[in-house]
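Colleague: Provided herewith is a single structure, encoded as structure tokens, for subsequent inquiry.
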Ligand SMILES: NC(=O)c1ccc[n+]([C@@H]2O[C@H](COP(=O)([O-])OP(=O)(O)OC[C@H]3O[C@@H](n4cnc5c(N)ncnc54)[C@H](O)[C@@H]3O)[C@@H](O)[C@H]2O)c1
Ligand SMILES: N[C@H](CO)Cc1c[nH]c[nH+]1
Ligand SMILES: [Zn+2]
């Protein structure tokens, strides 16, 4: 990993989620073809990008039954324990409708309604992501979404990984389609003969998925841009070198476009971590992906003091931040921008990826400045309720009419006054 000295002028923000011009063109073409040709385009692109020839886009019950025969008890136990933790965390996020009544009899309120349908993207190109099924499905279920549709790219044998099917079944998901990438996002946004349109698309994915979500936004809602994974470790001189290296590599192995950054005031630690990363990298099965990611987006930034390190972290607004300093709690209040913050040496990032209960679908590429982790809120919407009393209208009608006329909207004013005349 390259070591750089912090300089207020260095550009530390990568501009990934906007993708290259070429990637943008590819995504626009894919979306256009799916809109025009529907299922035929989905099977065409699945053959082209996933090398899978599909007989049926929809997963059949038989495939799920078969998948259970390939999963052992230990795996099932781990999945079920994670599901329980994630459900427990998300159940705490629910908000209630509320109403307030004033002395004049007016009633105002906010009604919370689950979305009718949601399309959940589960990545599957370079790895299968059963954990992302849990992270998508559980908040949607807790919110009360009636129709949950899952999409994920198939393996070259035309199947989803058994663990993907089993996890979806454990969660009670019944509508699953074997399609991924920009074509899956287009299908969920516009509908095809087989895949009906949904109201909102959520879930992480690679650059093609991220760009497609951005392009269909407006036709449907989307959660956020959750693109290639990122980690920033903020560490002081006493932090454990092997742990830092391991955690940086945990995100680098996701994708060549993933980003792993260490921010520290300690030059000694910086050099030791750079060496250790190289050593641990050698034995990783996904060495090539991790290496490419580190070469492009891996950095060790050496600052002059802790305050400067905190400034760098806030500028990066990372998806994941680990604070590995003597007193992480003293720092957390100063972090304004991060998707998830992991405190202390036992809160390794994968704890959050799989098990703690918090959601791992998080904003990337600096969008943690304004976006939040996926949550139950993403699957609900709010409606305002107004019940004005006669007394309130008589008392306030002239003020309402005045404001309407300020805007030159006479019909608005008269709609109020017609009710006052009768009194
Ligand atoms: N931010 C988060 O919350 C979060 C969580 C989990 C995973 N991730 C990220 O999700 C991503 C998963 O990526 P993945 O590739 O493994 O799976 P993916 O399912 O996102 O993408 C695979 C699909 O990309 C499409 N594709 C691949 N090459 C293409 C090309 N040249 N042109 C057009 N389309 C093409 C194909 O349709 C393929 O099915 C990683 O970047 C990982 O870091 C992020
Ligand atoms: N770290 C990813 C979010 O960026 C989530 C994930 C899923 N599986 C492993 N990790
Ligand atoms: Zn991860």
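Glycine is no exception: its Cβ is also placed from the backbone N, Cα and C atoms.
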Colleague: Among 116, 199, 353, 377, which residue does TrEMBL name as a further Zn(2+) binder in the site formed by 251, 254, 412?
Modeller: 353
Colleague: Of 229, 375, 384, which does TrEMBL put in the substrate site with 251, 254, 320, 353, 407, 412?
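Modeller: According to TrEMBL, the candidate sharing the substrate site with 251, 254, 320, 353, 407, 412 is 229.
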Colleague: Could you check which of these binding-site residues, 121, 183, 206, 229, 407, sit within 10 Å of residue 319 (active site, proton acceptor), going Cα to Cα?
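Modeller: 229, listed in sequence order.
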Colleague: Consider only the recorded positions 121, 183, 206, 319, 320, 353: which of them have a Cβ under 6 Å from an atom of ligand 3? Write none if no residue does.
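Modeller: The ones that qualify, in sequence order, are 353.
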Colleague: Please find which two of 121, 183, 206 have the most distant C-alpha atoms, given that the record lists them as binding NAD(+), and give only that distance in angstrom, rounded to a whole number.
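Modeller: Across 121, 183, 206, the two farthest Cα atoms sit 13 Å apart.
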Colleague: Other Cβ atoms within 10 Å is the metric here; tell me which of the binding-site residues 183, 229 scores highest.
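Modeller: Max Cβ neighbours within 10 Å, all protein chains included: 183.
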